[in-house]
Amino acid sequence: MHIDYYFSVVSDWAYFGGERLERLARRHGATIRHKPMQLSAVYAQTGGILLQQRSTQRQAYRVTELERWRDHLGIPITLHPRHYPVDDIPASCAILAAQELGMATGDYANAVLRAIWTQERDISEPRTLDEIARGLGLDADAILQRAQAPHIRQRLADNTREAIGHGVFGSPFYLCNGHLFWGQDRLPFLEDVLAGRVGAYAGAPA
């Protein structure tokens, strides 16, 4: 079974869910199709609001929720990272390049998310993306060279349009066997699908 994983490389919630998704897929013998997308473009088409444009009340409650999930999951997070918001295009293209080259896409994507949310690193910088790749034993030169190819940027745009077409409006989203789930807190529901335990979730195929 396949999981189409639509995510932003700067998403705090994708950070919380990324490694857990990989473990879940391994448990059930599922494959993940990593589909980084531009969240700003998704928001523009679906009514979302970028963090810095939200009300102070919404911003404050987001931090409260991050603290709760940090404690619940036991996953560390920097609540106000130095390099956030940050341009997501370079890292998105690097992840797509690694994927096209047959490299460990999930490991690279999750390392990029950790770089923002625990290591205070600037993922818009090629040097950072190079160091992350080398730290995983990946061919950083090949990744960064391929990431500059025009068709990689087009794939990012295609992923974004595809996501919107499937009903995606945030990050992360998981699509599996016709079932669409928003948020890392829906991973148990996704596991129900993978395990064949699912009944008739709303939005599932008839």
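Here the Cβ of each residue, glycine as well, is placed from N, Cα and C on the backbone.
Any TrEMBL annotation is an automated prediction that lacks curation.
Here is what TrEMBL says about this protein:
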type: DOMAIN; residues: 3-194; note: domain 'DSBA-like thioredoxin'
type: ACT_SITE; residues: Ser11; note: active site, nucleophile
Subject >> Number of other Cβ atoms within 10 Å of the Cβ of the residue listed as 'active site, nucleophile' across all protein chains >> reply: 22
Subject >> the domain 'DSBA-like thioredoxin' (3-194) [mean pLDDT, rounded to integer] >> reply: 98
